[in-house]
Amino acid sequence: MEDMKEQRMLDYVLENAVRGDPQSVVDKLDQFCRSKEWTMNVGDEKGLILDKVVIEADPSIVLELGTYCGYSAVRIARLLKPGARLLSMELNPVHASVARKMIEFAGVHHMVEVLEGSAEEFIPKLKQTYGVETVDFVFIDHWKDRYLIDTKMLEEFRVLREGSVLLADNVVYPGVPDFLQYVRTCGRYECTNYPSHVQYMNQEDALEKAVFLGYL
Ligand SMILES: C[S@@+](CC[C@H](N)C(=O)[O-])C[C@H]1O[C@@H](n2cnc3c(N)ncnc32)[C@H](O)[C@@H]1O
Ligand SMILES: [Mg+2]
């Protein structure tokens, strides 16, 4: 693992950020990606949109599909109110391990739980195993061919409530046309598009907010 960029990114944070200060962890992650190696964190530019949508939603229960190294988990957690929970799902055990260390260093581990495995595996267990009745906010940022399937699973297992906010990354690049078409046309969501750029690059990208209207 020492030769992986995820480990180098973690080491950079451990050496340069302030323990217990989530903003400094976010800042040092962005600094690493801008000055050393590109990684797939949502990044500082789209991160400002993520912040705005989280603040507006003021969620108590948050789901994240795709933790990677914990950048967005730390970014979201720093905005949550006391007692709020973030459950973040990550398929890759190396990523999950780095993320847990990042989250612990940032001092937000009391509100963030990394679930190691696929979203498909955890969504059906949210109510019984994790005590989650419904979620207030979902950040969707895992593999792009899973956005639509896992969104439909969130509906099927009644994890969404009227007003639940989905925020999906990368809807332009690399793009998720099946997901976008579904949320924009099925009648169950009110959608807003937030144009931006791919993290740490000039390539156009966007986030899509889809507010669930209920099981119509
Ligand atoms: C773009 S990265 C997430 C970036 C993270 N949200 C951030 O901004 O810091 C996508 C992550 O999703 C994970 N992943 C892919 N498919 C998944 C699935 N079906 N369930 C859970 N995690 C998945 C990948 O291993 C990868 O770490
Ligand atoms: Mg992304």
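Even glycines carry a Cβ here, placed using N, Cα and C.
Annotation note: Val42 (S-adenosyl-L-methionine binding site) sits in a coil segment as assigned by DSSP. As annotated by TrEMBL, S-adenosyl-L-methionine binding site applies to Val42, Ser72, Glu90, Asp141.
According to DSSP, Asn170 (Mg(2+) binding site) is assigned to coil rather than to any helix or strand. Annotation for Asn170 (Mg(2+) binding site): same-chain Cβ neighbours under 8 Å, separated by at least 6 residues, are Asp141, Lys144, Val176, Val198, Asp205. Here TrEMBL flags Asp141, Asp169, Asn170 as Mg(2+) binding site.
Cβ environment of Asp169 (Mg(2+) binding site): Val42, Lys46, Phe139, Ile140, Asp141, Asp205, Leu207 lie under 8 Å away, each six or more residues apart in the same chain. Mapped onto three states, the DSSP output places Asp141 (S-adenosyl-L-methionine binding site) in coil. Apart from Val42, Ser72, Glu90, Asp141, the S-adenosyl-L-methionine site neighbourhood in this chain, defined by C-beta within 8 angstroms of the site C-beta centre, holds Asn41, Glu64, Leu65, Gly66, Thr67, Tyr68, Tyr71, Ala73, Ser88, Phe139, His142, Asp169. Screening the binding-site residues Asp141, Asp169, Asn170 for a C-beta under 6 A from any atom of ligand 1 leaves Asp141. Excluding Asp141, Asp169, Asn170 themselves, the residues of that chain whose CB lies within 8 A of the CB mean position for the Mg(2+) site are, in sequence, Val42, Lys46, Gly66, Ile140, Lys144, Ala168, Val171, Leu207.
Taking Ser72, Asp141, Asn170 as the candidate binding-site residues, the subset whose CB lies under 6 angstroms from any atom of ligand 2 consists of Asp141, Asn170.
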